[in-house]
Amino acid sequence: MNRWARWPLIILIGILGISAVVILSSLASVDYLINIWWFDSLGYGLYYWLRLLYRYIVFGAVTLLFFLIFFLNFWVASRYVGNVPPAPSKFRIAALDRYLNVVRMFRSGSLWVYTPLSLILAVIIALPIFEKWEAFLLYVAGPKTGVPDPVYGKDISYYLFSYPIYTLVQRRLLIAFVLLLVGLVALYLLERRLLARQEQPIPAGARLHLSILILLIFLIETWDYVLQRYELLYSEAHMPLFYGGGFVEMYVIWALIWLTLFFLMGTAFSMIAFIQTRKGLKPLVVFAVGFVLVLGLRYSAFLPATVEKLVVKPNEVSRERDFIVNNIKATLSAYNLNTVQTRDFTPARTAADVASPKVKAQLRNIPVWDGELLDDVYKQLQQLRTYYTFPSVDVARYTVNGMPQQVFLSVRELDYTLIPEAARNWVNEHLSYTHGYGAVMTPASQGGDEPMTWFIKGIPPESEYGFRIEQPGVYIGLGSYTYVIAPNDAGEIDYPKGNSNTMVSYKAEDGVPLSSFLRRILFAYHFGDRNLLFTTKTTPDSKILFRRNLLERIRVLTPFLLLDGDPYAVVTPGKLYWIQDAYTTSEFYPGATPTLWGRDRFNYIRNSVKIVVDAFSGKVEYYVFEPGDPIVRAYSRIYPGVFRNADQMPPELKAQVRYPQDIFEIQMNIYAKYQQTDPEVYYQQEDMWEPAKTFQDRTPVTIKPYYVTLDLIDPSRFDFLLLAPMSPKGRDNLRALALAGSDPPHYGKIIVYNFPKGELIYGPSQIYALINQDTRISEQFTLWDQVGSQVARGKMIILPISNMILYIQPVYLKSATKLKIPELKRIIMSQGQIVVMEPSLEEAYAKLQERIKLEIDRVDKRFAPLLPGSPAGR
């Protein structure tokens, strides 16, 4: 094998060697080793290696591509340097020696110069692509959706997976070839200046090389203009009316893009012809001038503004109709709202009998407790030790005594910061106080002046209603947890018992074994804690448990999933579990209006994944609940074995799955505008909605979706569902009630009950004002305040019961002393202008029923038809 034939092999081996060194040095770092051990302890060792491998495969492949682009072009250019030697008669001996040295440097030494230079440039160009390595995987693995976009007819998967990669690659290729062209032109000019050969023409091969590069640059720029056609689908020029391309974009800008392409290609071929033949300057000038003029029109605001003013504005509805329709359809599809079912709801004048079995069933599950106030009750009555806390209160439904019952549930977690200062030491923090214990559960519905009913209470957990938790330890939760070592010789405090503590030794899958002194050294370095290295309280079975916060654990495992803000606990006969909803999102759904949610911006979202985390062992499992979502299908292909089908979820967990509040809130914010599917109605925005508002402590607040158990989906059964009251934009009355089912077979089904447009349905803020105006209620509040109690009004909920719209607000009393245990005292219930306040839901409903009948009788008597013969009847 000659010297030149060996060079490609040497270069390839060199690149692979450098990549191997980078990978091995990364793996040798402490963080990588700890991650490998941690992922492996959870059963995701192969998945972690795949993520590492994919990352470096993408980086290596892209770097190699750009390296070859740079190196081969530099190498070809070096062949033409000195290809035409200078005439000896015109040069001194010194000049000839200089010429030969330069030629030798660029030819023989070029491999030593161009190889590192090409590698450096390739890495610089490839780095932004490396940061998007997972998008490349989605591009490769993304499936077809079978849904074309209405403008270009391309499958939606093109926009979700291909378009973002094409735009990124196009920009990097353009930068690479422009740098290359500048470098090669400089190289050829350098040769001519060093050798004083300006009178000699550039070699034909060099001209051909430069011509090809120029053509490639023009082709890459042409690709950019082709991609700009699709970019029009993401135009924000017409916001806030509609999103995406409008008349100006799809007719004027679209035509200018094609004209730009025409003149660009004409300029490219004219320039190459001129470089090769020194002829054809006139066509080059014509095409170049045309390109500049059209480009100016393309990016100038003059022509679009003129067309908008003279053509579009006078007939805006007709001109923009098709584009408004495209935006409506795309947005509803992107947010999974294209299958929303609408129903009419006409409120009845009279209330059904409170003795009716159906009314009783509806009242038994109305959540009258406010989660925030209930949290104070749990902490005061069930915290039991200073170091326990209840981070959040969840809404759920369970079967109690054979009947479906909506409940509130909270996990008793450990909070080390609550331990007295004198007891805070390394042993207690990392060896003894390792976990929380058990949970509490109460019914959502309860009467005032009644003692709290506890479905689950105490330590150890006990229940008179059939609930049991065999393993109540909580090592994974919502709190901020430090690392712990378990089991250990110091002993873990399992739960308090009398004046002492019951001890336990941890036995579960979670945790990285501290099986060697080297591991202790590495973990001590990682956590910056030398006590971990020198402690004598470990055993051969000791493991180190870290990343015990639920959200942190999931985000480290699957950073590509967007997490819901409300993970919730599940009680099973065996253990406590957490269920975390996760979303797949994209900001490239064509023509769909984007949403800003926290720091995330997207215009496509699916609640594709339910994540189950064992609160004791820390085991994490992923279940796909949206198998039609192309993004989660792509991830399932990329990471085989990570995602499971929903039917593989254990029945006791699947029974507790619920439709998440965050995505429903996002959907309703979108639907409030895009339920106007008629383009003319949409253009006028005459029926735009917004979430209903009320007052909380005299502060206006938006009512967020809340969970209730009602028969609104199927009249023959009660479903656990989310309810969101909607009002007309800028108004206080109600316009609709939107709901989303959580129980199979109606899971995820969204139904919107529309109220008659011509009928006033009171909104929650109006009911709030009516309550304040009720003299009997105000007098009672004043009386309670005078006896040293504080009156607290809970969140108002709106419920359709027996064809009536009821407004329910609980009233609590809190002691004015430091020890504040909220007590549910009364239930305020209203139907329109009639407001009552009674100790229980049943009593309030009965009282409301009585008041409604009296009001109907009063109105009927006052406006009864006059008797024949009366003075007014003559």
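Note: Cβ is positioned from N, Cα and C throughout, glycine not excepted.
Look at Swiss-Prot and you will find 7-27 (among others) tagged as transmembrane segment, backed by sequence analysis.
Within the same chain, residues 11, 15-16, 19, 110-111, 114-115, 117-119, 121-123, 125-126, 129-130, 133, 136-137, 172, 176-177, 180, 183-184, 187-188, 206, 209, 213 sit at least 6 positions outside the transmembrane segment (57-77) and bring their C-beta atoms closer than 8 Å to a C-beta of that stretch. Sequence annotations record features per position, and here Swiss-Prot assigns transmembrane segment to 57-77 (among others).
Per Swiss-Prot, the feature transmembrane segment maps to 110-130 (among others); the stated evidence is sequence analysis.
The annotation transmembrane segment is assigned in Swiss-Prot to 171-191 (among others).
Swiss-Prot lists 208-228 (among others) with the feature transmembrane segment, giving sequence analysis as the kind of evidence. Beyond the ends of the transmembrane segment (208-228), by six or more residues, the same chain brings 73, 76-77, 80, 163, 166-167, 170-171, 173-174, 177-178, 180-181, 184-185, 188, 257, 260-261, 264-265, 267-269, 271-272, 275-276 to within a C-beta distance below 8 angstroms of the stretch.
What Swiss-Prot records for 252-272 (among others) is transmembrane segment.
Summarising the annotation, Swiss-Prot assigns transmembrane segment to 283-303 (among others) and lists sequence analysis as the type of evidence.
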Checklist outcome for this item: Checking 110-130, 171-191, 283-303 against the transmembrane segment (252-272) for Cβ pairs under 8 Å, the most are found for 283-303
Checklist outcome for this item: Per the Cβ filter (under 8 Å) with a sequence gap of at least 6 from its ends, the transmembrane segment (283-303) is approached by 252-253, 256-257, 259-260, 263-264, 266-267, 270-271, 273-274
